[in-house]
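Asks: Pasting the feature list from TrEMBL:
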| type | residues | note |
| --- | --- | --- |
| DOMAIN | 102-410 | domain 'Phosphofructokinase' |
| BINDING | G110, R173, G174, G198, D199, G200, T201 | ATP binding site |
| BINDING | D199 | Mg(2+) binding site |
| SITE | G200 | site 'Important for substrate specificity' |
| BINDING | T227, V228, D229, M272, G273, R274, E328, Y386, M387, I388, R389 | substrate binding site |
| ACT_SITE | D229 | active site, proton acceptor |
Amino acid sequence: MNTDSIQDQLESLTISPINVKLKRLPRLTDYLPGLQTHTNPLQHSNFYHHSDNDGFYITHSDVILRQIVFDFSGHFPSSTPHLAYHNAGPRKEILFDPKQVRAAIVTCGGLCPGLNTVIRELVVGLWELYGVREIFGIKAGYRGFYSSDPIPLDPKLVHNWHKRGGTVLETSRGGFDLKKIVDAIETRGYNQVYIIGGDGTLRGAVQIFNEIQHRKLNVAVTGIPKTVDNDVGIIDRSFGFQTAVEMAQQAISAAHVEAESSPNGIGLVKLMGRNTGHITLDATLSSCDVDCCLIPETDFYLEGKGGLLEFLDLRLKENGHAVIVVAEGAGQDIIPRIGSQKQERDESGNLGFLDIGAWLNSELKKWWERDHKGELFTVKYIDPTYMIRAVTANATDNLYCTLLAHSAIHGIMAGYTGFVTGPINGNYAYIPMDEVAHAKSPVNTKDHKWAWLRSVTAQPDFQRT
Ligand SMILES: Nc1ncnc2c1ncn2[C@@H]1O[C@H](COP(=O)(O)OP(=O)(O)O)[C@@H](O)[C@H]1O
Ligand SMILES: O=P(O)(O)OC[C@H]1O[C@](O)(COP(=O)(O)O)[C@@H](O)[C@@H]1O
Ligand SMILES: [Mg+2]
């Protein structure tokens, strides 16, 4: 169909009913049917003006479609159901009496810019929007539930936390003991649990939620997805990611300056990215200084036709310098392991990596010595690791963290449980927690963005012919 006829067709298109499948969210009333409802205290707030039909309150029938891009040339609407999620936001009726709420907040896993903003906004939101007065911080990750006393939190205490990197509550890996955690939740009398963490944390949160249901406790659990690597699926992107990309760019700029300022200079930057190359990819695309971007989602090799060394040889001849950016999880298969060297795991069970940056640095030097002995050459290796995540969130991420925190509060107050809040197509949605805990988000090397990267760098595709 040509463009004009599609235009004509769209001008008068009637869409027949779309086949939508709404992702059901667990609610406390699923297993505690007698719970009383309360009017949302925002109804009496001086700051929020709302009437019944101004759209301020979100109803259970307000949904967000997962897929918003369609092919109108005959495939829409299809018989395959379109997934939909509940829209986040305040509900007119809530399932908690704010005076009875005892909220617990915990941060788990690695750091990410914006953690303190989420904590701050959970505290301020619970306190100011709903009038909750019992809010507790759990120290140092999951183990804090059973191994230390909680920290009472209030808006005064947290007022400037968004200006600090890291997490004031502290975090840790490992220490997940389901029975001890749920026992502690029960004994301490928490009835709202806010768990901020990545895929591992969310898998633990699903178990906590299941155990709470099993014990029929009046406790709602929500997850707030945190990952500097942006490797959690379904949501548009994770908080802190943009900030990390900005920081990564500083390292790339420095590598570029160093490389440009030496004959045959190579700038080599290693960035975070355990299983995904999102930070590396976005930092490369936004810097425009990178000659080759290496990520875990695609293999690469050094020697021979179409390899990295041949490519660098050409770039150095053409430009006199080159910049390589590599994600920490890339190239793990090509680094030789010494003897019985095993891949170690951290306390959470995540595989440790061989150092791709240090290995490339040494291989590049060996290559030059072998093939270009006597010619000037330098590699400047920059490994900013923790510098890209141990910073405060930028303005965009701060705003994002605030909306996430408030959305999580509204959802829990409405009696939803076992859910995660996150943006889908730019709108905040409530998503079943077990779905997010298992959804990955690799870089798609078949899509337009990766093709764009390849066109910007003109790097090899590393497909051996
Ligand atoms: N499959 C799992 N089941 C229960 N708890 C888990 C699981 N995976 C990780 N955890 C716990 O979640 C916390 C954070 O996990 P980790 O993988 O370190 O970070 P992240 O949540 O950022 O992925 C740790 O306390 C860890 O013990
Ligand atoms: O903090 P650690 O244990 O040194 O871990 C570093 C890892 O943490 C990350 O920043 C993020 O990992 P998580 O999302 O699992 O917390 C990875 O990019 C990196 O490999
Ligand atoms: Mg993880």
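Yeah, the Cβs are placed from backbone N, Cα and C, and that goes for glycine too.
Thinking about packing and proximity, how do these listed features fit into the structure?
Replies: All protein chains shown were included, and the count of other CB atoms within 10 Å of the CB of G200 (ATP binding site) stands at 21.
On its own chain, D199 (ATP binding site) has T227, D231, V232, A437, H438, K440 as residues at least 6 apart in sequence with a Cβ closer than 8 Å to its own Cβ.
Following the DSSP three-state reduction, the secondary structure of G200 (ATP binding site) is helix.
Within 10 Å of the C-beta of D229 (substrate binding site) there are 29 other C-beta atoms, taking all protein chains into account. Classification of D229 (substrate binding site) by DSSP places it in coil, neither helical nor stranded.
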Asks: Compile a sequence-ordered list of residues in the same chain as G273 (substrate binding site), six or more apart from it, whose Cβ lies below 8 A from its Cβ; state 'none' when nothing qualifies.
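Replies: Same-chain residues close to G273 (substrate binding site) (Cβ under 8 Å, separated by 6 or more) are D229, I279, T280, I295, P296, A327, E328, G329, A330.
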Asks: Pick the one among the binding-site residues G110, G174 whose Cβ has the fewest other Cβ atoms within 10 Å in this structure.
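Replies: With the binding-site residues G110, G174, fewest surrounding Cβ atoms within 10 Å: G174.
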Asks: Near T201 (ATP binding site), how many other Cβ atoms are within 10 Å of its Cβ?
Replies: 28
Asks: Using a 10 Å cut-off on CB atoms, tell me which of the binding-site residues R173, R389 is the least crowded.
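Replies: If we count Cβ atoms within 10 Å for the binding-site residues R173, R389, the smallest count is at R173.
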Asks: Among the binding-site residues G174, G198, D199, name every one whose Cβ is found under 6 angstroms from ligand 3, counting any of its atoms.
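Replies: Among the binding-site residues listed, those whose Cβ sits under 6 Å from ligand 3 are G198, D199.
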